[in-house]
Amino acid sequence: MDPDGPKSGEPIASTSGRLTPHSPTPGRALSGHASEASSLRHMYTQGTSGLRTPRTPGTLDEQAALLGRLDDIDLYGSIAQREPPPRPPLVRKNSNWAKVKYYVPSTAWIPEYSWSLLGGDLLAGLTVASMLIPQSVSYASSLAKLSPVTGLFSASIPGIVYALLGTSRQLNVAPEAALSLLVGQAVDEILHADPHSIPANPNAVSLAVATVITFQVGLITFLLGIFRLGFLDVVLSRALLRGFVTAVAIVIMVEQLIPMFGLTELEHTLNPQSTLDKFIFIVDNLFSHTHRITAIISFSALFALVLLRSFKGAFKRYWWIYRVPEVLVVVIISTMLSAEFRWDEDGVDVLGSVPINTDGHFVNFPLRRTTLRFLRRTTSTAVLISVVGFLDSIVAAKQNATRFGYSISPNRELVALGAGNIVASFVPGTLPAYGSITRSKVNGDVGGRTQMASLICSALVLLAIFFLLPWLYFLPKCVLGSIICLVVFSLLAEAPHDVKFYWRMRAWIDLLLMSLTFFFTLFWDVEVGIMVSLVISLLLVVHRSSRTRMTILGRIPGTDKWRSISEDAEAGEEVPGVLIVRIRENLDFANTAQLKERLRRLELYGHDKHHPSEEPHRQYANVLVFHMADVDSIDASAVQIFRELVETYKGRGVGLYITHLKGGPRESFELAGLADLLGERAFCRDVSSAMTLIEQSNVRERPL
């Protein structure tokens, strides 16, 4: 008998969903069930309102199963006996192919790519490329002190590699202003290391320094992903990143004011070093040595950029206005005006001819004799770029993942970003490339839903290298400085909001960390600023993780429930001299180092805030009960420290009980000899059982 079908004499379901009782008349039962079965079969084959038809996708198997059941109904309404169909064999999915799709995400989304997404991805690729081309030229020439073509290669090759390996669907990978500035500072430091000698070929030195930095950045980032260190983004706080970005924005602005006022040649002569020196240099020479035409062009371009961006913001409802690339518009207009009025003859510095061959060869192995001599001197810069670049990228990736409802893997992101930079370093002079919060947001806003948008964007940038650069011969370099200043405004825009938020939340440590990062970066050095902040941030993490989270438990009157006395006012310690401590986290070598001192403070001061010089508020405990329900694991160092603690308390004559101990920690205690040291009686199922034993011991010890 089919266990799921109705038994003889029981009602069966009609087409309307109601149960129809069997008629006692055989003839009526015969005609009723036969017609009912044929009616059901007719409706499922011909289609009836409210019922699925064979044309409905995904319902054929269900219909076939139902028709088979109807065929099994005999003339008297019972289910005919027949052998159950054999189960199909279990088919295991190809685990190797699943792993390929995990490690190379493009093998999952490219075969299933829907042409309906192409329109949005194409528009997103065009929009981001129109922003990225002038930005990359600006970063390479104005910040990194390299050929503009290196910026374009950096904006295309890493993006292609990331599109194949990355897990974010909207992240756009290309050079960033802050990271390009770090490369430029490393190049300047090496070029001017000896003030009495100038390298015979400064351009070759600059390309070698940038190449070895990009290779190291890629290798460091790749290894961080391989060793699954993607959790490092939780170690560094948002305040640290905000302080660094704000300071770098001001550093970049000061750097760009020099070409915008036409003071580049004078800067090469006087060679100011720090940001403060450069600011003083600008103030001293602003009125006496400013090139008037250059300044007019620079600030007119900056005004036009700000005006166009504000105009776009006011017309967000109209997509054809909101998606106009203001940067590309200003670049085209300024280039045309420069060619028409020959500003280069009036002393305005223009982009000029840009050779495509970066170092005599189009592709070179990054580690060779000309680059290896700079390897050791650039490692600290590479580490710094890797940390800052990954943080910026993971923030952008997580924002878009949350916005569009999918998940990302920080470890896979590290691998993809590292691989992109390693591949890019084979082209001499390429800059480190990471994800951008701004460009990734624009990518999603205009319709980018897969990494096809990045592939399109990278293809357009590659085309620009070979076909667009000759058309930018007359582009004034001061306009590139104006473009970077517009980026600076975006970097500075969120700083006041974060400062107000931390102030309102009274997050003084975050404000202090943000301020230290800002001032060290601005007035000392970018590397010093971020390194000091990293050390402080790591120390804060270690300090917080070293404090074992514990609380004192008390009984709720009239019940067997136990709550923290600091969280529930009704909970009270009812037995004098008995301290019940709940350990609220796993125990390891970090948080058990100060366990003895923390327990001493709980004994003498409870949860009250106190100064070590104050007199104790409580007496030492006679009995100590450890509530360990929250302890899932305990490492060897923690067990060793806990054993020493138990021996200390037993030496004082303090009774010890352990409750809610799980299997893993119990096994560790047995291996360490703690079970024998405490005795089986000390291990209780719950706090109530331990309190019962304590009360019985007190009764036995009372004098008669």
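Every residue gets a Cβ built from N, Cα and C, even glycine.
Feature annotation (TrEMBL): of 109-128, 289-308, the stretch labelled transmembrane segment is 289-308. Take the transmembrane segment (289-308) and the stretches 204-227, 320-339, 414-434, 455-473, 479-495: counting Cβ pairs under 8 Å, 479-495 has the most.
By the Cβ criterion (under 8 Å, sequence separation of 6 or more), the transmembrane segment (320-339) is in contact with the transmembrane segment (479-495), since 3+ such pairs are found.
Taken residue by residue, the domain 'STAS' (568-694) breaks down under DSSP into 52 helix, 21 strand, 54 coil.
Remote same-chain residues near the transmembrane segment (479-495) are listed as 134-135, 137-139, 141-143, 177-178, 242, 245-246, 248-250, 252-253, 256-257, 259-260, 297-299, 301-302, 305-306, 309, 327, 330-331, 334, 351, 438 (criterion: CB distance under 8 Å, separation of at least six residues from the stretch ends).
When the stretches 204-227, 414-434, 530-546 are ranked by Cβ pairs under 8 Å to the transmembrane segment (239-258), first place goes to 530-546. Residues 139-140, 144, 146-147, 150-151, 153-155, 157-162, 164-167, 173-176, 179-180, 183, 206-208, 210-215, 217-226, 229-230, 358-359, 361-366, 385, 389-390, 392-393 of the same chain lie 6+ residues outside the transmembrane segment (414-434) yet bring a C-beta within less than 8 angstroms of a C-beta in it. Here the transmembrane segment (530-546) has long-range neighbours at 235-237, 240, 243-244, 384, 387-388, 509, 513, 516-517, 520-521, 590-591, 593-594, meaning same-chain residues at least 6 beyond its ends whose C-beta is under 8 angstroms from one of its own.
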